[in-house]
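> Below is the structure I would like to discuss, written out as structure tokens.
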Amino acid sequence: MVSIITFTKNVLVTLAFALLAQGLAIPEDIDKRAEKVVSLDFTVTRKPFNATAHGQHHQSQQQQQQQQQQPAQKRGTVQTSLINEGPSYAATITVGSNKQQQTVIVDTGSSDLWVVDSAAVCQVTYPGQSPTFCKQDGTYKPSSSTTSQNLGKAFSIRYEDGSSSQGTVYKDTIGLGGASITNQQFADVTTTSVDQGILGIGFTGDESSPTYDNVPVTLKKQGIINKNAYSLYLNSASASSGTIIFGGVDNAKYTGSLTALPITSSNELRVQLSTINIAGTTVSASTTPVLDSGTTLTYFSQTIADKLAAAVGAKWNSYYQLYTSSCNLAGNIVFNFAKGVTISVPLSEFVLQDGNSCYFGVSRDSATILGDNFLRRAYAVYDLDGNTISLAQVKYTTSSSISTL
């Protein structure tokens, strides 16, 4: 379900005068309501974790990378949500004059929007994968849209996990959250090894082609939101939906106060992490992870990951490319950032179960990433105009108090 919440100052003023004329009280929060925000609900997809598929996938991708000479064009998110590793967070958008529906992963770790063409070839990457796996969440047929514009430019993106997509650059009308943006540039992908389309909402400097206005920038430029900023609420691990609010923040969804941390990269949504407390141990983790909604697990360098795993008695399994662990991890893992910001996550969030075996939700990678198992316990406000990410401990509630950024 998607919704747009749009209140203008003129409407609020008119309503206030109307209430006064009738001798009625003006609600205290009338001037605090969101003026221009787009609220887009996530659909949470749960797929059973499969350690064998994880291991086969990563071995296959490592072989592909050794064979390919072309460097990855982007920061590598090991897109674990794309290989059956638990909940993934996607939203429904429409493309074209005839509103062709797509369900796309909402990804703060990349910047391009791409959708799957109706005639696309899905590249199978592990045994048992359906040959039509990439088309199951909607496709796009440019010729059926009267507003479609083929820009005649090739699109190619390869992630550092080896997954890739190729196609052609288009412009068309995009609908999301009840809002509509025109002449939006995106890619129509005709070959892909990724499960479904991706709505990348990071910095334009992280785009795979020469810089262009991606979706958040266009929302601002076309006057739908005031600022290139959005807030992220993934909700609990058992919830069926979460929400991203473009141009706004839901003040009911966190405890304490939001603290703004400087973004440390010009292209990626990174902040400074200091230490991690786990099982009575303090692990030095002076690094700058990407806060990435498009990645299910959390990734650190081998040095840091090994220390975290050792603290909970987890052992590295080279075949599965994961740490085997107890199925009953207790206590919390606490992430300590700059400015005294702390986010506490139950260790149960970091348990992946495959049958009778369990695995630790932290793994090794050259790219440092705090994925969904972290973000579910944080309320995050990404301000790309102000170059900050504000964090607070999440509060799970159906209440809402939205204000404009």
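From the backbone N, Cα and C atoms, a Cβ is placed for every residue, glycine too.
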> Based on the record in Swiss-Prot, give the one of C134, C327 in a disulfide bond with C122.
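Swiss-Prot lists the disulfide between C122 and C134.
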> Would you identify which of the disulfide-bonded residues C122, C134, C327, C358 has the most other C-beta atoms lying within 10 angstroms of its C-beta?
C134
> Among D107, C134, C327, C358, these being the recorded positions, pick the one whose CA is nearest to that of T296 (pepstatin A binding site).
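Nearest listed residue in space: D107.
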> Give me the long-range Cβ neighbours of S293 (pepstatin A binding site): same chain, 6+ apart, Cβ under 8 Å, in sequence order.
Y89, V106, D107, T108, G109, L232, L234, G371, D372, L375
> Among all chains shown, work out which of the active-site residues D107, D292 has the most CB atoms within 10 A of its CB.
D292
> Using a 10 Å radius around each Cβ and all protein chains in view, which of these binding-site residues has the most neighbours: T108, T295, T296?
T295
> Starting from the Cβ of G294 (pepstatin A binding site), draw a 10 Å sphere and report how many other Cβ atoms land inside it.
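For G294 (pepstatin A binding site), the count of other Cβ atoms within 10 Å is 28.
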